[in-house]
Amino acid sequence: MVMADGPRHLQRGPVRVGFYDIEGTLGKGNFAVVKLGRHRTTKTEVAIKIIDKSQLDAVNLEKIYREVQIMKMLDHPHIIKLYQVMETKSMLYLVTEYAKNGEIFDYLANHGRLNESEARRKFWQILSAVDYCHGRKVVHRDLKAENLLLDNNMNIKIADFGFGNFFKTGELLATWCGSPPYAAPEVFEGQQYEGPQLDIWSMGVVLYVLVCGALPFDGPTLPILRQRVLEGRFRIPYFMSEDCEHLIRRMLVLDPSKRLSIAQIKEHKWMLIEVPVQRPILYPQEQENEPSIGEFNEQVLRLMHSLGIDQQKTVESLQNKSYNHFAAIYFLLVERLKSHRSSFPVEQRLDGRQRRPSTIAEQTVAKAQTVGLPVTLHPPNVRLMRSTLLPQASNVEAFSFPTSSCQAEAAFMEEECVDTPKVNGCLLDPVPPVLVRKGCQSLPSSMMETSIDEGLETEGEAEEDPSQAFEAFQATRSGQRRHTLSEVTNQLVVMPGAGKMFSMSDNPSLESVDSEYDMGSAQRDLNFLEDSPSLKDIMLANQPSPRMTSPFISLRPANPAMQALSSQKREAHNRSPVSFREGRRASDTSLTQGIVAFRQHLQNLARTKGILELNKVQLLYEQMGSNADPTLTSTAPQLQDLSSSCPQEEISQQQESVSSLSASMHPQLSPQQSLETQYLQHRLQKPNLLPKAQSPCPVYCKEPPRSLEQQLQEHRLQQKRLFLQKQSQLQAYFNQMQIAESSYPGPSQQLALPHQETPLTSQQPPSFSLTQALSPVLEPSSEQMQFSSFLSQYPEMQLQPLPSTPGPRAPPPLPSQLQQHQQPPPPPPPPPPQQPGAAPTSLQFSYQTCELPSTTSSVPNYPASCHYPVDGAQQSNLTGADCPRSSGLQDTASSYDPLALSELPGLFDCEMVEAVDPQHNGVVSCLARET
């Protein structure tokens, strides 16, 4: 895999490999290092993968050679091109195409997800490259965002065929390899598979990543990730169209035989929305049979001949696919002719489709004579035009090589083993052209390249152009850098006052080979254009319909303030929301309106590494056993607490720490977060619905419009919440008053009356306390309350004045708290027999009832079920069948009129209610009849 991370550190001269000057390091591995090099003849930047063969075993060495063999077979505009293979006794040098804009993984991490139109164009390029490989019986088996590179024009380049292999139709493969988040379920299960179906699954994951900016299958550990892949369940965000969802679901099918084929993907409705137009191939690719000399680019061959390179040896190298210095120079010159036409040594730049072979030869010979001039004619450009005449015997003596701990870098000492042919000159470095193109600067994601007829450009250049102010304005914002645009279109754009038409397109695959190269080193930093709107945004703003193509569109300088707002709007649009829901589309309800966008991108993830033997994941997990389980169980309570009390951003941060902890315990796994946080939050939504609703942390930016059905559901939820709150308050009140359900004996239980000879007054503590719990109907009260009107429905239940205390006394308060749906209490048990001479004591029953008296007396006789103790003076006034009664205050007693027998059933059918006495600031409870 070729990487383009970080700034390159220029090292002119000291380190060389063959014709290449090493300018920096792109990446390092265990047994290899990737260097950024520049060919001294063609001035083309390349990526050089230096492999230490002495550190590889036979299996890995065979894998390297197979990768080289596959790359030699492939020649596609969206596949990294192999230029040269150099091999010594212990080292192997692979010179490949250099993708300047790096991985699309990093692009998504920095810029967010792609819109579906742009993702479709990228996916068409990926699909064409994979179809090309499958047509040559080659399967990649490691398609992922890290292996999809972006060239100067933001076009896709597939890299890293390390897991690639050959396949035959109908034969199954049995090497279970790949990157876990992109691997198909049959790989995890250890089943034999067909290669193309494996790539189809990986392409489905890649398409999901392009559109959503996150992975469909993810997990903190490899076994969890494996389980989710085998389940085949993933979330669809609200911003994804139904056609795109249908395509992804048809690609991510667990049964390999039911997945879409490449031909079916090309015919899918979502893909047909925007189909790239195939332009004529200017430089036809080599056929399977041996090409003749006429099938090679004559212009490049003549130029090589002018540089002193034997044309016959070059043709033989190309026919034999030797990939030596001759072939490398030819490939690099062809590539420069395609991409850097502005700096290619041609006297008059004409459209390649209009040139004749004889014209090519004449122009090449004429220009080659000027290229071969001595370097001394151009003293200021000594560095650009320096001679590359390389004496093979004095290369090592001319330079001193720095020492390094990396054996791959130390292998540069073996330069004398790499034979280089004699070359008499070199080309100029690619420089921006003299003529200025009128264009609009834009983000790299929507870079476009103007393709203008060469004849239109020559007229009116000297006249005053009003659009120069627009050009100067854009130049100041980009640091005096001018950028051409990498996409060619069939739309015409007219610059104001210039009278020139620009042909532009939304499809990066239609890149014109006649467009000028003016990217330079500006594309190394993808963030310098963030505040400027794309040309496509301006075009769409002036069109009434997205599908409408207007032949004349005027462009004006944009306001910097509006550009900043446009940039913020675009960045907000590219962020994926956090509340995906499984099993349904989030856009089906209004709950997704105003969702706070999350800041979770691929930059928070560790890059996935391809591994072998993915089918042994479960076995490895069982062997780890106790090491993995505590990690998984320890995360659950932490996430439960976070989901109800912490903001979403803190949840994301803490879950990242949990994921990193898991990764430290399992270093061989690939800890990735992405949708893992969303997945865990979704799993916690159902059990924590009520705490989430009461959480002060806002989840939505604004109140969404509520439908009638939602309002009804919220009303029911509110009623249920109030019921639960009142029930909890009632239980707390019972516990406070020392009333427990276990203290009420059942109807079949009877309590004996023990003898109590000691006075009850000596047993009472200074403050009120009960040795036995009272029933909910009668409870002690510390204050005297007046008669309340709510008792008027019981006319016979009148209060009597207390004999020892002046003033009336209200009945003791009930403990209930406005309870709804309260069940009536069970009937009380019959009173136990009592000995006549025994002193009465407090009893314990379910509920206090009003018993009928045995005699018709004006003073009621209280049954033995009462358990209010009184003093000795009051006890003498009661018969032996009466029970002493206490209200919590000494020397006080209360008497009640008995209830009629016909009123008892109604009493038991009542429920408890409460009323507030405003005079005493107390709560009085009673039984209210149900209606």
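One-based numbering along the chain as shown.
Using N, Cα and C of the backbone, Cβ positions are placed for all residues, glycine too.
Keep in mind the model is a prediction, meaning the values are calculated, not measured.
The active site, proton acceptor annotation in Swiss-Prot covers D142. When Cβ atoms from all protein chains are considered, those within 10 Å of D142 (active site, proton acceptor) total 27, not counting its own.
The ATP binding site annotation in Swiss-Prot covers L26, G27, K28, G29, N30, F31, A32, V33, V34, K49. The Cβ of N30 (ATP binding site) lies under 8 Å from the Cβ of Q55, each of which sits 6+ residues away along the same chain.
The annotation compositional bias 'Polar residues' is assigned in Swiss-Prot to 631-642 (among others).
Feature annotation from Swiss-Prot assigns compositional bias 'Low complexity' to 643-662.
The compositional bias 'Polar residues' annotation in Swiss-Prot covers 758-768 (among others).
Residues annotated as domain 'Protein kinase' in Swiss-Prot: 20-271.
What Swiss-Prot records for T25 (among others) is phosphothreonine, and it gives similarity to another entry as the kind of evidence. Within 10 Å of the C-beta of T25 (phosphothreonine) there are 19 other C-beta atoms, taking all protein chains into account.
K53 (N6-acetyllysine): 16 other CB atoms within 10 A of its CB, across all protein chains. Residues annotated as N6-acetyllysine in Swiss-Prot: K53.
The phosphothreonine feature in Swiss-Prot is assigned to T175 (among others). The 10 Å shell around the Cβ of T175 (phosphothreonine) contains 15 further Cβ atoms across the protein chains shown.
Residues or ranges marked as phosphoserine in Swiss-Prot: S358 (among others).
The feature phosphothreonine is assigned by Swiss-Prot to T484 (among others).
Sequence annotations record features per position, and here Swiss-Prot assigns phosphoserine to S532 (among others).
The annotation phosphoserine is assigned in Swiss-Prot to S534 (among others).
Taken from Swiss-Prot, the feature phosphoserine applies to S587 (among others).
Sequence annotations record features per position, and here Swiss-Prot assigns region 'Disordered' to 565-586 (among others).
Summarising the annotation, Swiss-Prot assigns region 'RK-rich region' to 595-624.
Here the CA atom of K28 (ATP binding site) lies 15 Å from the CA atom of K53 (N6-acetyllysine). Taking the C-alpha positions, the distance from T25 (phosphothreonine) to V34 (ATP binding site) comes to 6 Å. Counting Cβ atoms from all protein chains shown, L26 (ATP binding site) has 23 others lying within 10 Å of its own Cβ. In the structure as shown, the Cβ atom of A32 (ATP binding site) sits within 10 Å of 19 other Cβ atoms. D142 (active site, proton acceptor) falls outside any helix or strand according to DSSP and counts as coil.
Looking at A32 (ATP binding site) and D142 (active site, proton acceptor), their Cα atoms lie 19 Å from each other.
Take the binding-site residues K28, V34: by the count of other Cβ atoms within 10 Å of each Cβ, the lowest one is K28.
According to DSSP, K53 (N6-acetyllysine) is assigned to a helical segment. DSSP gives N30 (ATP binding site) a coil state; it is part of no helix or strand.
Residues L26, G27, K28, G29, N30, F31, A32, V33, V34, K49, recorded as binding ATP, reach a greatest CA to CA spacing of 15 Å.
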